[in-house]
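J.: Sharing the record's features from TrEMBL:
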type: COMPBIAS; residues: 271-285; note: compositional bias 'Polar residues'
type: COMPBIAS; residues: 296-307; note: compositional bias 'Polar residues'
type: DOMAIN; residues: 12-259; note: domain 'Nodulin-like'
type: DOMAIN; residues: 344-548; note: domain 'NFD4 C-terminal'
type: REGION; residues: 270-311; note: region 'Disordered'
type: TRANSMEM; residues: 12-35; note: transmembrane segment
type: TRANSMEM; residues: 77-102; note: transmembrane segment
type: TRANSMEM; residues: 108-130; note: transmembrane segment
type: TRANSMEM; residues: 142-161; note: transmembrane segment
type: TRANSMEM; residues: 173-192; note: transmembrane segment
type: TRANSMEM; residues: 213-233; note: transmembrane segment
type: TRANSMEM; residues: 239-259; note: transmembrane segment
type: TRANSMEM; residues: 383-404; note: transmembrane segment
type: TRANSMEM; residues: 416-435; note: transmembrane segment
type: TRANSMEM; residues: 441-463; note: transmembrane segment
type: TRANSMEM; residues: 475-499; note: transmembrane segment
type: TRANSMEM; residues: 519-542; note: transmembrane segment
Amino acid sequence: MAGAVKAGSRPPWVGLAAAVWVQVAAGTAYTFPLYSHALKKAMGYNQQQLTMLGVANDTGENFGLVAGVICNRLPPWFVLLVGAACCFLGFGTLWSAVSLTVTGLPYWLLWIAICIGTNSSAWFGTGVLVTNMRNFPLSRGTVAGILKGYVGLSAAVYTGLYTGVLHSSSTKLLVFLTLGLPIVSLAMMYFVRPCMPSLEEDSLEQCHFMFTQISSIVLGLYLLAYTILVDFLPLTDSVIYILFGIMIIFLLAPLAIPIKMTIFPTKRKNNVASDTGSTSNQLTEEGSEKKEPLLATSSSNNLGNAQENDDASDVDMLLAEGEGAVKKKRRPKRGDDFEFHEALVKADFWLLFLAYFLGVGSGVTVLNNLAQIGVSYGLDDTTILLCLFSFCNFVGRISAGAVSEHFVRSRMLPRPIWMACTQVVMVVAYLLYASAINGTLYASTAMLGFCYGVQFSVMVPTVSELFGLKQFGLFYNFMLLGNPLGAFFFSGLLAGYVYDTEAAKQDPTSSTCLGPNCFRLTFLFLAGVCGLGTLLSIILSVRIRPVYQMLYASGSFRLPQNSLH
């Protein structure tokens, strides 16, 4: 991290403000319902073919393992540059198909094009999330909630852009994704960079985070009102452009923090990782204890006692070697920095993955089919459903980051417990969808959007707390594979098949299905899936409670010694 700027200075906050724009750009996968109908019409696809393109949409968005590896070896600007290239190539191909500029493009080529286009999200998200999580290691839940929250808001941003400025033109939207997003990425590359992290709690820093959270909530409310106005009122182009310009100003709000720090600078204590004086001495004193597995400090004792099951093999090894014999480096414990292969053998890793897969995988099934769900329930304009899902998704992400951060510090409550709570609510939402009771479509969509957002914001800091920040990019992107897997099994294989079967029953010559039966079986199955996810989330929360008691015993995050890299 040579040449990195110090904590508490303006560049980390400038980087966070730039990350907001990159994260909004990273919401390209949410645009699929906006252009999928045009793609279906232009290419003559049926619903199952369209849902498999939805699988490509989720596969590209969440296949970030390569980005996770690259972000540990190359600077963030390179990661963002690759994301910009993916946008240009992928969405450029889709534009040529929808606009009929190039005819006869094969299905497999469009499948790959969607993968490449939405894979930009993985590069954008990895580049800014990993960098900012490392820049603010003591506020992981808050940072994850803010950045993932803006990704959730991106659906409303794109919907507002689509219905207002672009006049509901799928072709114009694809042109914007092809050219506009690379420009945003290139403009932000310089500002997203690693900085020396602060190792002490700072009340001023928490005030800055609160300002960013409040400004994002105001933006979310504004986007909801903007979409409703554009959807229901005949506004002139000039009014629409003014309203959209106000949205841009709200997106610039996080930049107020570094501007304020420039105008009103404050003196800070030397508490950064680069302070080689006291920090290096502390590392020397504490690090010597870590090399002696037979001698333990109080904090390492707490961790060891909390993980007796994990340590059984270590104890056997030590007994075999004999007391005072060869001192062998111990394997990492939950809360330390793990290598990828070390995490793969941990039960907690797979419990978190499965719980996330069941929660988010079921939610993305509804998201990919949201337009068709609205039509089947008799809605003429389904963009309001997408906007509602987007806003509630954002609220879930931003609130999960803040609420989980509060309870881990005050009660040492494991974050995955919130995954369990929201998956119970998701079960209720799916049952409401299946019942098709009048007036519940918007309520169930709002509930599902909120819970879907919580899954993201809880997973991100949990991964970093259990397995460290050293390989965080790789761990985070591996967890994201739950999205395309859920889309493939629950959307591509189940929802698309059920929809086409019901459509054939109604009219063998039509690919459109109307009525609650189009998705009822799918919703009942998803309710059962989330019931299982609830159970796994509870088991995981019980298992890792001792880890959180160790990490947050003092009321603030205790950065493990081997995380200071």
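Glycine is no exception: its Cβ is also placed from the backbone N, Cα and C atoms.
Describe the structural context of each listed feature in the structure shown, including burial, neighbouring residues and relevant distances.
T.: For the transmembrane segment (12-35), same-chain residues at least 6 beyond its ends with a Cβ under 8 Å from one of its own Cβ atoms are 5, 53-54, 57-58, 60-61, 80, 83, 87, 91, 94, 98, 114, 117-118, 120-121, 124-125, 127-129, 131-132, 135-136, 143, 146-148, 150-155, 157-159, 162, 170, 173-174, 177, 181, 184-185, 187-188, 191-193, 195, 208, 212, 251-252, 254-255, 257-258, 261, 367-368, 370-371, 382-383, 386, 390.
For the transmembrane segment (77-102), the residues of the chain that approach it from at least six positions outside its boundaries are 22, 26, 28, 35, 38-39, 42-43, 60, 67, 70-71, 109-110, 113-124, 126-128, 170-171, 174-175, 177-179, 181-182, 185-186, 188-190, 192-193, judged by C-beta separation under 8 angstroms.
Residues 15, 18-19, 22-23, 25-29, 32, 39, 43, 52-53, 56-64, 67-68, 71, 76, 79-80, 82-84, 86-87, 89-91, 93-94, 97, 144, 147-148, 151, 177, 181, 185, 192, 460, 472-473, 476-477, 480 of the same chain sit 6 or more residues outside the transmembrane segment (108-130) yet have a Cβ under 8 Å from a Cβ within it.
For the transmembrane segment (142-161), same-chain residues at least 6 beyond its ends with a Cβ under 8 Å from one of its own Cβ atoms are 16, 19-20, 23-27, 30-31, 34, 121, 125, 128-129, 132-133, 136, 173, 176, 209, 212-213, 216, 219-220, 223-224, 226-227, 230, 244, 247, 383, 386-387, 389-391, 393-394, 396-402, 404-405, 453, 456-457, 460-461.
Same-chain residues lying 6+ beyond the ends of the transmembrane segment (173-192) with a Cβ under 8 Å from its Cβ atoms: 11, 14-15, 17-19, 21-22, 25, 28, 31, 34-35, 76-77, 80-81, 83-85, 87-88, 91-92, 94-95, 98-99, 117, 120, 124, 127-128, 131-132, 158, 161-162, 166.
Remote same-chain residues near the transmembrane segment (239-259) are listed as 10-11, 13-14, 16-17, 20-21, 24, 157, 160-161, 164-165, 208, 211-212, 215-216, 218-219, 222-223, 226, 229-230 (criterion: CB distance under 8 Å, separation of at least six residues from the stretch ends).
Same-chain residues lying 6+ beyond the ends of the transmembrane segment (383-404) with a Cβ under 8 Å from its Cβ atoms: 30, 33-34, 141-146, 148-156, 159-160, 162-163, 168, 213, 216-217, 220, 223-224, 227-228, 231, 367, 370-371, 373-374, 413, 415, 418, 422, 441-442, 445-454, 456-458, 461.
Packing against the transmembrane segment (441-463) from elsewhere in the chain are residues 129, 133, 140-141, 144-145, 148-149, 151-152, 352, 356, 359-360, 363-364, 366-367, 370, 374, 377, 379, 385, 388-401, 404-405, 414-416, 418-419, 422-423, 425-426, 428-430, 432-433, 472, 475-476, 479: each is 6 or more residues past its ends and has a CB under 8 Å from a CB in it.
With a threshold of 8 Å between CB atoms, the same-chain residues lying at least 6 positions outside the transmembrane segment (475-499) that come near it are 47-48, 50-52, 54-55, 57-59, 61-65, 67-68, 122, 126, 129-130, 338, 340, 343, 352-353, 356-358, 360-365, 368-369, 372, 459-460, 463-464, 467, 513, 518-519, 521-522, 525-526, 529.
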J.: Within the domain 'Nodulin-like' (12-259), what mean pLDDT does the predicted structure show?
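T.: Reported value for the domain 'Nodulin-like' (12-259) is a mean pLDDT of 89.
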